[in-house]
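Enquirer: The structure under discussion is supplied below as structure tokens; questions concerning it will follow.
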Amino acid sequence: IYVGLYTGLVAFPGAMTPLGVGVAFAVLGQATNFGVFAALGPNEDLFGPEHRGKIMALEFAAFSAGGALFAELYKHYFDGQVPLYFRFMGCLMLAVFLLAWVALYRPGKEDPAHAVAAAPPIHALDEFMPPDTKTRTSVDLEGNCKLHVVPTAQPDSTGREILADSRFWLLFATVFILVGSSLFIMSNIAFIVESLGGPMEQIPTMVALFSVGNCCGRVVAGIISDSVLDRCPRIYFVSVASVLVGAIHTLFLVIPRAYLAVPITLAGIADGVMFAAFPVLTRETFGARHFGKNFGLISVANALGFPLFYSPVGSFVSAVRVDGVQKCIGDECFRPVFLLVIALSVVSLAASLRFAARQSYVRLT
């Protein structure tokens with residue numbers, strides 16, 4: 001796709017329609033998300049459930065840090081040279097593919113010591129069909145299953161089963177509210193600072209601080225969640241993130257405008273705490289067999305929360321406050337959104353506590 005975009009921009013610029021470029025980016029986004037899921041699945045249980053938070057947090061932190069790294073790379077070496085950047089990315093993806101092909105170990109059929117037992121095949125749509133007449137209970141597990149993780153009463157569920165589970169929707173709501181609000185802050189840093197009369201020259205620094213806070217929040221929250229797992233279930237980190245998001249948006253309302261970098265950095269940290277918690281919760285609540293599909297279902301909340309909820313609300317509020325002027329300047333531009341997020345963070349807190357009450361745990365061995 002990158003090479004195709006480069007070729008189109010250089011050789012056939014007239015054929016590069018907005019629709020075509022948009023479709024290419026949509027496919028590119030799906031392809032990169034597939035890479036994220038493919039990396040999480042094989043690695044999350046490498047060192048046991050007691051280290052699952054660290055492993056997944058490090059992988060998500062790499063995802064976050066990579067975005068900041070490539071943004072800086074573009075700024076310093078490819079600013080204004082989009083075709084060259086696409087060519088560079090195409091060559092880089094090829095190099096990464098070749099490196100992975102050579103470096104990653106692939107056990108052969110003749111190597112039984114490293115064989116992996118595969119689950120029986122299942123059609124994707126079968127998961128959303130009505131259940132069989134035989135009721136599935138907790139004793140339907142394999143005979144050699146050892147309860148040494150933090151499962152719920154019904155592991156390895158997906159499809160209709162997960163959509164009928166209230167825990168899925170409780171977790172979905174927290175991701176919708178908290179991750180969506182953090183993405184809103186990240187995407188509107190410049191507009192927020194300008195409307196509130198903050199230091200415009202600090203905007204690049206604020207963007208970097210958000211990314212650094214996001215990356216550090218993922219790593220630190222993942223490490224802490226593992227270290228206190230026997231005393232504090234991971235869902236309470238979502239509760240902490242809910243309180244933090246509410247406090248951050250309250251801070252936006254009262255903090256001196258010269259210190260807007262503080263709530264912006266904290267917004268990145270709160271987003272990092274959420275990303276250290278909800279993927280692991282998805283895995284430990286609904287099992288490993290369908291983790292990719294289940295994580296994809298939960299991740300729909302990210303895609304809905306910001307572009308289809310917070311962004312339209314923010315645009316509507318700003319348009320109302322403009323009163324015929326090109327830009328909205330003043331505290332009232334984003335105040336309704338901040339107040340809305342404060343109220344929704346209370347809803348998220350209640351949802352996380354309800355999830356904790358519905359979840360069942362066993363002690364790690």
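The chain as shown is numbered from 1 upward.
Each Cβ is built from the backbone N, Cα and C atoms, and glycine gets one as well.
Residues or ranges marked as transmembrane segment in TrEMBL: 84-104, 168-193, 205-224, 236-255, 261-282, 294-317, 337-357.
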Enquirer: Cβ under 8 Å, sequence separation of at least 6 from the ends of the transmembrane segment (205-224): give me the contacting residues as numbers and ranges.
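Expert: Cβ under 8 Å, 6 or more out: 53-58, 60-61, 64-65, 67-68, 185-186, 189, 193, 237, 260-261, 264-273, 275-277, 280.
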Enquirer: For the transmembrane segment (337-357), which partner among 168-193, 236-255, 261-282, 294-317 gives the most CB pairs under 8 Å?
Expert: 236-255
Enquirer: Under an 8 Å Cβ to Cβ limit, what residues of the same chain, 6 or more beyond the ends of the transmembrane segment (261-282), are close to it?
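Expert: Non-local partners: 40, 44, 52-53, 56-57, 60-61, 64, 171, 174-175, 178-179, 181-183, 185-186, 189, 192, 202, 205-206, 209-222, 225, 234-235, 237-238, 240-241, 244-245, 247-249, 251-252, 255, 291, 294-295, 298.
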